[in-house]
Amino acid sequence: MTELKCRKKYTLDGDKEERESQHEPDVQTKPVKTEEDEVTSGRNGAGKQQKDEGEVKEEDAQHKEEESKTPESPVKRSTRSSAGFLQRLVRVFFGCLAAVACGMLYAAYLSAYHDRKFWFSTRQELEREITFQGGSGLYYYYYKQMLTATPFHRGFYELMMDNRTVAGQTINAVVRLSLYPELITSFIYRFTGSEEFVEPIYFYIGAVFGLQAIYVSALFVCSWVMSGTWVAGMLAVAWYVINRPDTTKVDYAIPLRDNWALPYFSCQVAALTGFLTNNISSATELFCYLTMSATTFTFLLVWEHSHYVLFLQGLCLFFLDAFDLLPSRKMAEIHMVYVSALLLAFFSQFQNAALLSSPLVSLLIGTWVARNYQQKMKTGPFLSRVMKLFVYFHLVFTTGITFSYLVKKVVQGDESDFFLKFLEVKFGLNTTTDFITNFLLCQESFQVPAQDLFLRLTQASVLPFYLLVLTVCLLSTLQTIYRRLSGLPMKTNLKLEDGRIGEQPEVIYHVFHTLIFGGLALLFDGMKYLWTPYVCMFTAFGVCSPELWMTVFRWLKLKSIHPVVLSLILSTAVPTIIGFSLWREYCPRVLAELSEVQEFYDPDKVELISWIKSQVPAAAVFAGSPQLLGTVKLCSGATVTSLPLYTDIKLLRRTEDTYQVYAMRSAEDIYKILTSQKANYVIIEESICNELSVNKGCRIKDLLDISNGHVVYDKGEVYSFSKHGRFCQEIKMNYSPYTNYFTRVFWNRSYHVYKVNAVISFQY
């Protein structure tokens, strides 16, 4: 009886190859499992009788003796190895070519869609800059500043000691705003002579679109590596593009930090996937390790929230190591990547204290302490290992939490408690009247995602197949965990007929990855941009993987049809049907987006910015909403009182003070607040002052009334009451005492600008 030989690639004429293999002199005999005996006996054909063990041993000895007498020709062996290497090289070449082509087509599509949506090529420079929505244009301002800095290093020094952004403060804008993308992009633009060929704004958005191309190419490669076929990569890219509103923010806010950072994270995940794969060559492992190191450091450098994302990734790898599903050598090397990247980022960001108190550092220290204290955790019977595992978890998290607490007490003081208070209110464990906490909870990113998200994913056929793939991989992973805790070894040379997709370390990692990020996406809508792209990639891998279908057939104990052949058929037929249906339904829609005539134009904002640039002194300081101040800073360069940043508690407190113009406060109170911030002008927006919303509790004026204690509850109804009227409405009446403190200097349908009087005029 011969062993059924199967590798990563299979052909449909496997029966013929098996019959021919019986006459080869290098037949190997080793214990085969009962289910494999059934598969092999089914393929040997009717009428053949199996040999007993004694005959098998005699025949095997005879074959070995003949093999020793007639060795294989070195020329034949060399020819076969050369042909195999050439075949692999061709596959890799065309796979990489397909990945690059998908990325370039996506970047071209983004560029065409962006130009069509905003009529970008026909706009003036001011109108182009206003299209950067949500306050994201602030980052582009520093890019423009670095283009005009002479010399370049002097501009870099001015950003480190910036006193022209926030009134009354000197900040390190490079660290506070994570401006390394703008620094690098402006440096490349200036010193490559690109100003002779392309405008600065096109070079900037072109760099972002180029990173998005790398993003989808990395998803392509990740799905390709896991499944072994390019079809999975193409299907992942197709699903990513179709679900673009839930996978990226690049459509409406190009300069945002996550648009710069997430492509590097995608490359890091792809390199990590390759690094975790069993039976890869040393050269490939080294390449994955170096790529992972470079992208991890870059990811930490360009986004202030990156260490939280890496903490979640480190948590996935921690579970992989705790359940003994990953070689200790690889886990140690991954920890080395994290430590080196954190150290480099810490010094590159001028000793950024946030990195020292990050949960990633706490996890690394807790793991290191617990591993040295409990060195024999991965030995013993099942119950013993489970008890040791609980002790190990306790040591890791206790040590990590203690270290984090001590660092935050030393470095950050009382502000470190804000995050815990925020989580308490988010999960209903506490209530608060604090404006900042309630303001953040009302942001769309921190709210529970709407049901439309899952409806869109279902319509695109992602969610049903995702649940199928996740269920199979999760159950197989749980089986593997149970076997490892029982002391059984993991197979490193898995074959298709084994049907154990949950024994592949890269698959187990992505199961933990999608579970953790998916759980957070169910709580915070902003997490969908980290979860949905990998849902597309993971689902595409699953439906294109013969190992997944073979795992299902092993559980079902399929005998009527050969499971290997059926798994190969399904891994080709299912993605083909999905791809055809997506092409038929969504391709016309995607192309229609390029042909639709869209219009984004805000004449009132253009009028406001034009007036500021022409009529207001350059040294003037403006107060207003953070999103509007970001646009004011971008287009005019004026100093502002606050910035659209939600990670800095001090800036959020200044934002709360500025928002008091929409509260029920006296003219004298508002005047004191604005003069303390050194504001010369205050901009009042009609959209905030007269905001109409179904969710009344999240309007700015409602949050201010709750914070200021101006809310009255009467018979289940909520009323706002104060002895003063709402400032933004009363000041428009143009009567005393408002005219004593403020003078209206500009107005249109959307904005009213008032000058803060330097000398109070008592007119009645």
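Yeah, the Cβs are placed from backbone N, Cα and C, and that goes for glycine too.
Per TrEMBL, compositional bias 'Basic and acidic residues' is recorded for 10-27 (among others).
The annotation compositional bias 'Basic and acidic residues' is assigned in TrEMBL to 49-70 (among others).
Look at TrEMBL and you will find 1-78 tagged as region 'Disordered'.
The feature transmembrane segment is assigned by TrEMBL to 89-109 (among others). Counting residues 6+ beyond its ends, the transmembrane segment (89-109) has Cβ neighbours under 8 Å at 209-210, 212-217, 220-221, 224, 230, 233-234, 237, 241, 590, 594 in the same chain.
Per TrEMBL, the feature transmembrane segment maps to 201-219 (among others).
The transmembrane segment annotation in TrEMBL covers 224-242 (among others).
Under the heading transmembrane segment, TrEMBL lists 286-303 (among others).
For the transmembrane segment (309-327), same-chain residues at least 6 beyond its ends with a Cβ under 8 Å from one of its own Cβ atoms are 265, 269, 272, 276, 296, 299-300, 334, 338, 358-360, 363-364, 367, 378, 389, 392-393, 396, 480-481, 484-485, 490, 505, 508-509, 512-513, 516-517, 520, 530. Sequence annotations record features per position, and here TrEMBL assigns transmembrane segment to 309-327 (among others).
The feature transmembrane segment is assigned by TrEMBL to 356-374 (among others).
Annotation source TrEMBL lists transmembrane segment at 386-407 (among others). With a threshold of 8 Å between CB atoms, the same-chain residues lying at least 6 positions outside the transmembrane segment (386-407) that come near it are 318, 322-323, 356-357, 359, 361-363, 365-367, 369-370, 373-374, 376-377, 380, 485.
Annotation comment: TrEMBL describes 463-482 (among others) as transmembrane segment. Away from its own ends, the transmembrane segment (463-482) comes close to residues 323, 325, 454, 457, 490, 500-503, 507-508, 510-511, 514-515, 535, 538-539, 541-543, 548, 551-552, 578 of its chain (Cβ-Cβ under 8 Å, at least six residues beyond either end).
For the transmembrane segment (507-524), the list of distant contacts is 226, 269, 272-273, 276, 312-313, 315-317, 319-320, 325, 426, 445-449, 470, 473-474, 477, 480, 501, 530-532, 534-535, 538, 541: same-chain residues at least six beyond its ends, Cβ to Cβ under 8 Å. As annotated by TrEMBL, transmembrane segment applies to 507-524 (among others).
If you look up TrEMBL, you'll see 530-552 (among others) marked as transmembrane segment.
Long-range contacts of the transmembrane segment (564-583) within the same chain, counting only residues at least 6 positions beyond its ends with a Cβ under 8 Å from a Cβ of the stretch, are 6, 10, 12, 14, 39, 227, 229, 231-232, 234-235, 238-239, 242, 460-461, 465, 496-497, 540, 543-550, 553, 558. Look at TrEMBL and you will find 564-583 (among others) tagged as transmembrane segment.
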Cβ contacts the transmembrane segment (201-219)/the transmembrane segment (356-374), at least three under 8 Å, sequence gap 6 or more:
no
Which bits of the chain, at least 6 residues beyond where the transmembrane segment (224-242) starts or stops, bring a Cβ under 8 A of a Cβ in it?
8-9, 94-95, 98-99, 102, 106, 109, 216, 270, 273-274, 277, 460, 462, 504, 506-507, 510, 533, 536-537, 539-545, 571-572, 575-576, 578-579, 582, 586, 590
Chain residues outside the transmembrane segment (286-303) and at least six past its termini with a C-beta under 8 angstroms from it:
178, 180-181, 257-258, 260-261, 264-265, 267-268, 271-272, 274-275, 280, 309-310, 333-334, 337-338, 340-342, 344-345, 348-349, 355
